[in-house]
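Engineer: Structure provided below as structure tokens; questions to follow.
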Amino acid sequence: MNRLPSSASALACSAHALNLIEKRTLDHEEMKALNREVIEYFKEHVNPGFLEYRKSVTAGGDYGAVEWQAGSLNTLVDTQGQEFIDCLGGFGIFNVGHRNPVVVSAVQNQLAKQPLHSQELLDPLRAMLAKTLAALTPGKLKYSFFCNSGTESVEAALKLAKAYQSPRGKFTFIATSGAFHGKSLGALSATAKSTFRKPFMPLLPGFRHVPFGNIEAMRTALNECKKTGDDVAAVILEPIQGEGGVILPPPGYLTAVRKLCDEFGALMILDEVQTGMGRTGKMFACEHENVQPDILCLAKALGGGVMPIGATIATEEVFSVLFDNPFLHTTTFGGNPLACAAALATINVLLEQNLLAQAEQKGDMLLDGFRQLAREYPDLVQEARGKGMLMAIEFVDNEIGYNFASEMFRQRVLVAGTLNNAKTIRIEPPLTLTIEQCELVIKAARKALAAMRVSVEEA
């Protein structure tokens, strides 16, 4: 039966939500009521599939905790007052922690003046952020296009590469197996997960995939494309595959890809949406090999966990294809003052507080602990790997991975799997995680694995 619109119902719902936003605490009955509401509304109006996913990785087999507020830079509190150490980091957005006071203050100050731009007058923060990124990024990267997400930043990179290379007769893109670049039509064409791709076939033509980390496969693909007249416009890849399971390429791989791109006249697009902003111990993961891309994609942590923002940064030579008509690729909300304020504050915090060095130090500490656990539990853990504060624990099968996430939830530590590799659990905490919290995470992982071994033995 068709449902008639109801202004009265919408007004009541919005008023109820506004009242909730104003609250700082909930009593027991309010907490129970909110939990029921959230579960019902997810089921009826968001997507019931999310409930089933949470049920599979949450202690007790229920639908999981309902988020309430940040407990500290590195913790979250649910509606029942339970505090969790965040080792998921919102899939990599909380590099400077939850509600970092510097970032929040910058956004609040800008909000008091002008939250969104007029579109007609020049907005100063967009200019200042573009200048800051030009100074921060490697090589000749100079001009920035701002958007709202990583997927959008990849879309902009693909369009920019097309606009630059089309007059040169180059239309093919090479991506890698296991890659994740987003789920919009263009980004999905570069992504390499059949589950995400098949329902939307056919995708954009001209995309080929080669094994990640295999430089000879990359050379062969570039050669074959040249022989058949399908010359390559760009190679797009992640320095470390995040959703693929935190897969690190062999040393020197990025350098070798850069040389191949130069040899064949292809642009190099690096997707640092997840690896950028200090996550791996460098501001950008490509800096571990001193590689300079033609186009760089950023998002996630760029907004400091406070505002969504993405950026596509390119060299002047490439970006100049948009000079004559800057309206060829635009977005209403991209580069808005609130998002730019958050990004500028985030960069300031990362540099001022030396969080890159902390990411390296604490990442080494955590990874050493996880590798020790892998040696102690070879029947459960296949490998622990990572760089900086981007780590993964790969289990012997998918079910054990789910069980580990559930057991960690019992220990009040949030973790989750990677989108392209279900048996791999990512460890991606804020770079602000304390040494004491690192020790607690390793202790929780040991307890979780011990409980899982008992369950396996009793089965």
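Using N, Cα and C of the backbone, Cβ positions are placed for all residues, glycine too.
In case it helps, Swiss-Prot gives these features for our protein:
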type    : residues                       : note
BINDING : Gly150, Thr151, Gln274, Thr332 : pyridoxal 5'-phosphate binding site
MOD_RES : Lys300                         : N6-(pyridoxal phosphate)lysine
Engineer: Can you see whether DSSP assigns Gln274 (pyridoxal 5'-phosphate binding site) to helix, strand or coil?
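Structural biologist: Looking at the DSSP assignment, Gln274 (pyridoxal 5'-phosphate binding site) belongs to neither helix nor strand, so coil.
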Engineer: Quick one: among the binding-site residues Thr151, Gln274, Thr332, which has the most Cβ atoms sitting within 10 Å of its own Cβ?
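Structural biologist: When each Cβ's neighbours within 10 Å are tallied, Gln274 leads.
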Engineer: How big is the gap, in Å, between the Cα of Thr151 (pyridoxal 5'-phosphate binding site) and that of Lys300 (N6-(pyridoxal phosphate)lysine), rounded to a whole number?
Structural biologist: 10
Engineer: Can you name the binding-site residues among Gly150, Gln274, Thr332 whose CA is within 10 A of the CA of Lys300 (N6-(pyridoxal phosphate)lysine)?
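Structural biologist: Near Lys300 (N6-(pyridoxal phosphate)lysine) by Cα: Gly150, Gln274.
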Engineer: Show which residues of the chain containing Gly150 (pyridoxal 5'-phosphate binding site), separated from it by at least 6 in sequence, have their CB under 8 Å from its CB.
Structural biologist: His181, Gly182, Asp271, Val273, Gln274, Cys297, Leu298, Ala299, Lys300, Gly310
Engineer: Please state how far apart, in Å and to a whole number, the two most distant Cα atoms are among Gly150, Thr151, Gln274, Thr332, the recorded pyridoxal 5'-phosphate-binding residues.
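Structural biologist: Farthest Cα pair among residues binding pyridoxal 5'-phosphate: 24 Å.
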Engineer: Going by DSSP, is Thr332 (pyridoxal 5'-phosphate binding site) sitting in a helix, a strand, or coil?
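Structural biologist: In the DSSP reduction, Thr332 (pyridoxal 5'-phosphate binding site) maps to coil.
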Engineer: Where does Gly150 (pyridoxal 5'-phosphate binding site) sit by DSSP, helix, strand or coil?
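Structural biologist: Gly150 (pyridoxal 5'-phosphate binding site) sits in a helix per DSSP.
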Engineer: Around the residue listed as 'N6-(pyridoxal phosphate)lysine', how many other CB atoms lie within 10 A of its CB?
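Structural biologist: Excluding its own Cβ, the number within 10 Å is 28.
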